[in-house]
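Note sheet for the following structure.
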Amino acid sequence: MSQTPPSFIRLLNNTSLVSQILIGMIVGILLATLIPSAAQSAGLLGTLFVGALKAVAPVLVLLLVTDSIAGHKQGQKTSIRPLLILYLFGTFCAAVVAVVASFAFPSVLHLSAQNADIVPPGGIAEVLNTLLFNVVANPVKALLEGNYIGILAWAIALGLSLRKASDTTKAVIHDLSHAVSGIVKGVIRCAPLGIMGLVASTFAETGFSALLSYAQLLIVLIGCMLFVAFVVNPLIVFWKIKRNPYPLVLMCLKESGVTAFFTRSSAANIPVNMALCEKLRLPEETYAVSIPLGATINMAGAAITITVLSMAAVNTLGISVDLATAVLLSVVATISACGASGVAGGSLLLIPLACSLFGISNDVAMQVVAVGFIIGVLQDSAETALNSSTDVLFTAAACMAEDGSLSEGNLQEDADIV
């Protein structure tokens with residue numbers, strides 16, 4: 001005779017994960033407001049949650065990609081090529097939006113003589129050089145450091161080598177990938193507690209006092225990201241699937257964007273994105289490659305950050321910018337953004353690269369980077385949410401356009417599950 005689960009467990013099972021996350025956010029804000037000391041302690045939950053996601057993500061990517069490629073049947077269609085085009089085109093469009101917004105609403109920074117103890121890359125060649133060396137990194141080191149370019153390269157090579165392996169070997173790899181996926185689902189169920197801890201500690205430590213002096217800059221930054229998320233990306237998706245894109249857009253923002261906003265890590269959000277792709281019934285051989293690849297090169301948010309902060313520095317110094325230079329800035333921001341995941345400090349440390357186009361010295365550029373760190377509480381969160389949710393969005397759009405693998409009926413059914 002089966003026992004009835006306790007009422008609290010039933011309530012948890014009947015409440016969607018997104019609703020639980022929203023409750024966790026509210027509890028975190030209240031805790032930071034009423035008991036700041038306890039809120040800082042609660043930050044441990046957030047650190048553990050992000051750490052667990054970062055720990056499991058490299059293994060998940062390695063096994064899923066290896067399994068997908070090893071089990072790939074001759075003639076089976078994938079959507080990787082059109083996805084690469086979508087990723088690059090979407091990032092370039094985001095950079096163009098940021099340039100236009102910077103001309104329309106010029107921001108001015110209050111630069112000081114402070115120097116940051118960090119070293120930015122010397123140029124685009126150095127960024128590309130880092131990416132190429134990431135491809136041939138030691139596989140164990142790549143797993144330990146979360147180098148997803150290296151993990152992808154080794155997983156693809158291993159998968160291709162195992163195509164001629166016995167069915168038993170392929171079955172073992174398949175079972176391992178599903179076992180790790182099960183672990184990921186368990187970690188994701190802890191998201192409400194983790195996000196509560198992240199929100200509580202962030203509010204308790206920083207609040208919003210440091211952000212008020214850069215209100216206009218933040219409005220331009222966040223405004224560009226919202227415009228890309230709700231206007232540009234839907235237009236791109238509509239161009240691909242020829243139907244209303246907003247049910248898919250809103251689902252990706254709700255399930256992927258919300259989690260990414262608080263974890264502030266595209267790598268940590270890879271398991272969340274893969275779980276959403278599975279829920280949307282996308283072909284595993286496509287999303288197992290496209291999601292970790294997107295976490296590395298699909299950087300619309302990073303392109304916006306690089307462009308807006310660079311243009312703010314230009315406006316502050318009174319440098320005039322013509323149309324040709326603005327277009328060149330968009331191209332440089334796109335290429336730089338694709339390498340953001342390969343640079344410690346991400347998009348902010350690529351700002352000196354863009355500033356060098358205008359002859360801005362490294363000392364001044366690093367002051368702009370310092371401003372970026374000050375507003376990073378919101379900037380980095382919004383950037384990651386846009387980057388990560390777009391990975392799923394473009395993956396789903398490419399699959400719908402190529403295979404019709406995601407129908408409106410399936411989308412609505414999955415939306416009801418959330």
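Backbone N, Cα and C define each Cβ position, glycine as well.
Features as listed in Swiss-Prot:
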TRANSMEM  16-36  transmembrane segment
TRANSMEM  45-65  transmembrane segment
TRANSMEM  83-103  transmembrane segment
TRANSMEM  142-162  transmembrane segment
TRANSMEM  192-212  transmembrane segment
TRANSMEM  218-238  transmembrane segment
TRANSMEM  289-309  transmembrane segment
TRANSMEM  317-337  transmembrane segment
TRANSMEM  364-384  transmembrane segment
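Residues 54, 57-59, 61-70, 72, 131, 134-136, 169-170, 173, 267, 270, 289, 292-293, 295-296, 341-342 of the same chain, all 6+ positions outside the transmembrane segment (142-162), place their C-beta atoms under 8 angstroms from a C-beta of that stretch.
Among the recorded stretches 16-36, 289-309, 364-384, the one sharing the largest number of Cβ pairs closer than 8 Å with the transmembrane segment (45-65) is 289-309. Per-stretch counts of Cβ pairs under 8 Å to the transmembrane segment (83-103) identify 289-309 as the leading one among 16-36, 289-309, 317-337, 364-384.
Below 8 A, the CB atoms of the transmembrane segment (364-384) and the transmembrane segment (16-36) form no more than two pairs separated by six or more positions in the chain, fewer than 3 in all. Sequence-distant contacts of the transmembrane segment (289-309) (same chain, at least 6 residues past either end, Cβ-Cβ under 8 Å): 61, 65, 68-69, 78-80, 83-84, 87-88, 90-95, 97-99, 101-102, 107, 148-149, 151-152, 156, 217, 220-221, 224-225, 228, 233, 266-267, 269-270, 273-274, 277, 329-330, 333-334, 336-338, 340-342, 346-348, 350-351, 353-354, 368, 371-372, 379, 382-388, 390-392, 394-395, 398.
If one looks beyond the transmembrane segment (218-238) by at least 6 residues along the same chain, the residues whose Cβ comes under 8 Å of a Cβ in the stretch are 86, 89-90, 93-94, 97-98, 101-102, 105, 107, 211, 244-246, 248-249, 253, 257, 300-301, 304-305, 308-309, 375, 378-379, 382-383, 385-386, 389-390, 393-394, 397.
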